[in-house]
Each structure stands twice: as structure tokens, then as C-alpha cells.
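Below is one structure, written out as C-alpha cells; comments come after it.
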Amino acid sequence: MLSVPHLDRDFDYLVPAEHSDDAQPGVRVRVRFHGRLVDGFVLERRSDSDHHGKLGWLDRVVSPEPVLTTEIRRLVDAVAARYAGTRQDVLRLAVPARHARVEREITTAPGRPVVAPVDPSGWAAYGRGRQFLAALADSRAARAVWQALPGELWADRFAEAAAQTVRAGRTVLAIVPDQRDLDTLWQAATALVDEHSVVALSAGLGPEARYRRWLAALRGSARLVIGTRSAVFAPLSELGLVMVWADADDSLAEPRAPYPHAREVAMLRAHQARCAALIGGYARTAEAHALVRSGWAHDVVAPRPEVRARSPRVVALDDSGYDDARDPAARTARLPSYRWRRGSALQSGAPVLVQVPRRGYIPSLACGRCRAIARCRSCTGPLSLQGAGSPGAVCRWCGRVDPTLRCVRCGSDVVRAVVVGARRTAEELGRAFPGTAVITSAGDTLVPQLDAGPALVVATPGAEPRAPGGYGAALLLDSWALLGRQDLRAAEDALWRWMTAAALVRPRGAGGVVTVVAESSIPTVQSLIRWDPVGHAEAELAARTEVGLPPSVHIAALDGPAGTVTALLEAARLPDPDRLQADLLGPVDLPPGVRRPAGIPADAPVIRMLLRVCREQGLELAASLRRGIGVLSARQTRQTRSLVRVQIDPLHIG
């Protein structure tokens, strides 16, 4: 495969007689292209060619293992077309690097896996839950968006759906955001399905282990693959079910070109394989809800009485909730301690969860006078303080130290904390609650499970440990840091983070209380209080549809120097009212937190241009951009190549 976009096409080669038996569709080969040897895959064998010139000869077969199956090739083509990418970029995500020793290992012949009986009672609490399991048992292509109840052991429900599908003779693919979720689902799945038939794929595996497990899926010995985002391309045949947990987690968005989202790839795969699909989570994204609204998927949601019985009591604590007479400093205090200290959670021996948006000490700084965010002078990354005795602010992107902070907007040298991190919060709690154990779970220091007993747990979103019997209470801090972001998904992301934490708290009948430090009138806070993720997703989808934002439309973001972006638009002939009804929006600045495209000098200004089309014209927009990228690629040399970064429906639009 060739890395330059204008050569992203098939090439014909002659096959020498000595390689004819091994050079079958799907195998890796080496061919000579413009005088150099390059890697490739055999796509098909034909007796003739449409090429009228002289054909070159295949140099050698790297391995007779057919790693690029017909199903995965179709998926690669579809993803490249959907995201305006090259097949080479998608193949880099889909097919891992070869490990010769692993290929030579003898694989046991796949047999029928041992599957324990599935108890459907866990799904009975949900409308259409039993019907969904029954459809999987009959190998029907049932598609559902599942709203997990608070306190639900989601991995058990996923494992039951997987076991039901494997028992029916089909394979299953389950995608989760991170290693911790993978471990949780692995433990639940192997309790029902023979461990030798279950494979886990994640980025943390070494090349040898990853390729061994990937081959187990290819050769048919694995019937259930659990993995993080890139595992969505696992080469399973007879696919019966594709599952995605917590599709709101941005870990499922691939940071490498062409930047596909695992949820979208999974749904593409379910459509191509005509198999069942399941998206689950405590909260719901507008994209998942759009699948329900379109009729492509069904709702699997518990009735309201069951939701109320299983959810904790949620209290919003705004400024009017502070008692100035009792605590004059409470109105400006970050930890409204007396309000939740008065609860009985710690006294009863239950742990209390404190969720903060960011890890570290003070991960974000701003000017004390004009409130402009403090950014690195080198790469424009956010500046942070690493500890109480830090010699200066440190860039979270490039690591440069700025010992003399001065605002680039107003010149002030006074700074303030925008967000207080988990480490600083733990310090504050330690002083406020002497004698109580304070546990921090954030960043590289993750605590998967708590021991029984009272404790204060400070955790960042997604790092919350599970507690035996659930937490007695939870405090959700710095809500403005989530809701106040200038981002399309700010409200959706905040609700997902809050509900993921609140789902770990005991039901209201057992005394569970969640306190969110936010104005109770905010619609997102109201959705948390009512525990209504479906209603929030419905409102979010309606609002985006009204103003023309994804998922009601497709948007392409073009990032790069102004001249190169303009050249791409001209090469792609966009916008073109006669061919494609596209709205051109911008130029705008890159959204906060979005890195600059690679290869562009640090001092070169970067803009973002947006192209918006209706849902029906998404593939046509991507095709136009692919053609334009190919034209630019053909014009440029290796020394001058500076292509625009193209993202279709990026998470952060600006």
C-alpha cells in the first residue's frame, strides 16, 4: 500500500509460477513500484488486466496467511469512503504488523465453545429486554440502544447478550473505551463463555501478543472478541452481534487519520454483516438517539418506576444553597463541606465519591485580570501547575516551563486557577476531614476496586473505583468547567460523566445521595436530577437539528494554513451548488484543546474551514474531498507536502 493519496488505487501485477499457490487474495506481498519495494495485499486473482501498458512482476509473498478477508476489505473501503481517507490509513488501523513466529504456531482447530445457560432476568427490567435476547438466540439482526439503570452491572448484561449469540453459533464483537472496562467485561464474559473462545485486544498488548490474539479471531478459534477502539476491525467471520459500551467516551474516537469513531465503524459493520447491534451506556449520545429516531434501532429502556427505585437522590447545590450565616466563606468555597458532611454516609461506614473534571494539581490557569486562558508561547497548549512548590507553569502538551507568566492579552502577571485537579482536591479534603482515608484515582494511578469501609475517594471521570455495596454519597465538583466549554458536546459530555459517577451510588431507598454543584435550573442538571438521559438526548438532537449540526448533518473540518485549505477547496470544486449543496463556514480558529496538524511549523497560522451538507450527501462530500486531496498530493513534492487535515464529523467542531 502506498502512503500518498493520489496513488490510493489498485495496481495489476503478474504472478510468477513459483508464487502462484501462495499469492491468494488477502495475503501480504512485496512488489516493486517506481524502483523501490513496497508492501501490499493481493485483492483478487484474474486472468486478464485492464492495464494496457507493461505489467511488473510480484516480487515475493511475505506470508501465505490471508490476513485481509473479504469482509474486512469491504469495511476498510466503506470507512475510507465515509471519512474521506485513504485505504492505506484504514488498513494501518485494521491489520496489525506481522509477527512471523506467531504465524508459525500451530492453532488448535476451532470447536464448539462451551457456553453456560443465560439467565434472562437481568434484561427483564427493561422494555424489550427479553425480546432482544430472544432475537439473538434466533440469530436475528436485532438492533438496540440500551439505557443501563444506575447500579447496573453493565458487563453482566453485555456478557449475557454475547453468550446468547455464541450459543447460536455466531461470533460477537464488543468494543469498550479503555482497559479497565475491557477487564471488567472479560471477567463477566469468561464466566459464561469458554475462556479459550474469548480474546481481548487492546493497545497495551505487545506486538507478539496482539498478533497472536488477532490470528485467533482470523482463524476461527475466537468466538468473542473484546477490545478497545481498533478492535472494531477484528477479522471475525459469521458475525452475529456488535456491541459498543459508553459511546460518549472520546477514547472511542481514533486520533489517527482518517479519524473514524468506533461507534460509526461498528454500525457500518453491523449493516454490512446484517447482524445484531447493541449500543449501551448510562447516558445517551445524540448519535445513538438518532439511530432510534430513524428506526434503525429500538429503545431498550426501563420503565420510570424502576428508574426511580434504582437511582440515587440527586440534589443540585447552587449559590442559594450556601448558608452565609453559618459559614460566611461558603459562597465562594469550592467544597461545600458542611452540606454533605452532615450526611450519614461516612458515619455509616460507606465511602463517599468526589468527582473532579481533571487530574493533576492545577491543570488549567487563566489571567487574574481579564480571565484569558494561559497558553504556551511555543505550541499554544494549556499551562498548568504541577504542585504547591512548582517553579513555574508547565505546558500540558509540549512540557515547556514558563517561569514568568504574563498575559498576552492585557499584560497582567496575576494568575488564577481555572480548574482544580484531583491531587489538589485530595489535599483540601485531607485538611477538611482529618482522620478519614482519602484515596485518589486519576491518570496513571487508577484504583479499580475499594475495600469495605469509610473513605473519601477523589476521582476523575472514568477513573471512579467500584465500591462494595455502592457509594453512600457522591459530590460532583466544578460543573461549570464541563458545562461552560465552548463545545458542541459540552452538555452531553457533562451528563455522561455525571451519570457514570452517580450510577455507582446506592439507590435512594438505601440512602444514596448525589450532590452536583450547579444551578438546578440548567437543563442538563435537571436531566440528572430526574435521571432522564433519553429526554436529554432527544432535546440535544432536536436542538442540533434546528441549527444544522451533527448528527442531523455531516460536517467536514479542514485544518491547515489558509492557502492550503483554499487550494483543497478549489481542487475539490467545493462548494458547487450545481453538484453538492454544501455550506461553507469559516474560517474559524481551532477549538480549544485541538492540536495543530502535524508537520506545520509552529509559527505558521492555522485556520479551520467547515463544510456542511445534509445527511444524504455525506458520502458525496467525502468523495469530493478525497479527489481534492489526491489532486493536491499529485502536485506536491516530498519537501513541500503539507496536506490539510480533513475530519468528517469531528468530536470538537469549534
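Cβ from N, Cα, C; glycine included.
Model, not experiment: these values are computed from the prediction.
Quick look at what Swiss-Prot annotates:
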BINDING   Cys367, Cys370, Cys407, Cys410  Zn(2+) 1 binding site
BINDING   Cys376, Cys379, Cys395, Cys398  Zn(2+) 2 binding site
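What Swiss-Prot annotates, mapped onto the structure for a quick look.
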residue : record                : Cβ within 10 Å
Cys367  : Zn(2+) 1 binding site : 21
Cys370  : Zn(2+) 1 binding site : 12
Cys376  : Zn(2+) 2 binding site : 19
Cys379  : Zn(2+) 2 binding site : 15
Cys395  : Zn(2+) 2 binding site : 20
Cys398  : Zn(2+) 2 binding site : 12
Cys407  : Zn(2+) 1 binding site : 19
Cys410  : Zn(2+) 1 binding site : 13
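Closest to Cys367 (Zn(2+) 1 binding site) by Cα-Cα distance, out of the binding-site residues Cys376, Cys379, Cys395, Cys398, is Cys376. Between Cys407 (Zn(2+) 1 binding site) and Cys376 (Zn(2+) 2 binding site), the C-alpha separation comes to 11 Å.
Comparing Cys370 (Zn(2+) 1 binding site) with Cys376 (Zn(2+) 2 binding site), their Cα atoms are 17 Å apart once rounded.
In this structure, the C-alpha atom of Cys410 (Zn(2+) 1 binding site) lies 20 angstrom from that of Cys379 (Zn(2+) 2 binding site). Same-chain residues with CB within 8 A of the center of the Cys367, Cys370, Cys407, Cys410 CB atoms, the Zn(2+) 1 site residues themselves not counted, are Gly368, Arg369, Arg371, Ala372, Val408, Arg409, Gly411, Ser412. Within 8 Å of the Cβ centroid of the Zn(2+) 2 site, not counting the listed residues Cys376, Cys379, Cys395, Cys398, the chain contributes Arg375, Arg377, Ser378, Thr380, Gly381, Arg396, Trp397, Gly399, Arg400.
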